[in-house]
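Worksheet: one structure, shown below.
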Amino acid sequence: MRIGVLALQGAFREHKQTLERLGAEAVEVRKPEHLAGLQGLIVPGGESTTIGKLAREYGIDAAVARRVEAGDFAVWGTCAGAIWLAREIPHYPEQPRLGLMDIAVERNAFGRQVASFEEDLEVKGLDKPFHAVFIRAPAITRAGPGVEVLAYHGKDIVLARQGRLLASSFHPELTGDFRLHRLFLDLANNFVTS
Ligand SMILES: NC(=O)CC[C@H](N)C(=O)O
């Protein structure tokens, strides 16, 4: 399998290493032409304003949108990447983004004092909890009817799926637990339907 990792800014190296550990070929994506031959793309955590601005400038968001709309492509946004996927970003409506997932995402939702924290999350479809690291994380505060919620932190949604789009508030590439990367490879292979 060939999976891209958007490599404009942020924590892309850890995703790349994880994909390689799972036997996938991981390709750094910096231009639209790098998407050719890929089955999916991971958009890492980092600074969502920077990632959004650069992706727009290089034409990556338009190219990714075409692939998603053609139905042959999976995208997983983690943390800043989840913000990039979101249709709605309250307080930052003008922020450049892909915007194809029917969710609202509140940036830095967990406050400045507890900017970072860790939690063992119950995730739908996983037999044991997933140790999740949140770093200045966003919360998914609304999910449309086509969105399946896979995990909550309190009342907030922190993992959700819409077709072959996946959004997580946390950083799954930091804990050595590969289960969510495996789930994403399944999405990219189109093994998961509904
Ligand atoms: N770890 C992260 O990706 C943080 C996201 C960042 N706070 C933002 O809003 O862009």
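Keep in mind that glycine also has a Cβ here, set from the backbone N, Cα and C atoms.
Heads up, TrEMBL stuff is auto-annotated, nobody curated it.
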Exercise for the section: According to TrEMBL, Gly46, Glu47, Ser48, Ile135, Arg136 bind L-glutamine; identify which of Arg21, Arg67, Arg107, Arg161 is listed for that same site. Expected result: Arg107
Fill in the blank from the handout: Per DSSP (helix/strand/coil reduction), Arg136 (L-glutamine binding site) sits in coil
Problem - Candidates Cys79, His171, Glu173, namely the active-site residues, that fall within 10 Å of Ile135 (L-glutamine binding site) by Cα distance - result: Cys79, His171
Practice task
Please find, for Gly46, Glu47, Ser48, Arg107, Ile135, Arg136 as listed binding L-glutamine, the greatest distance between any two Cα atoms, in Å.
Solution key: 13
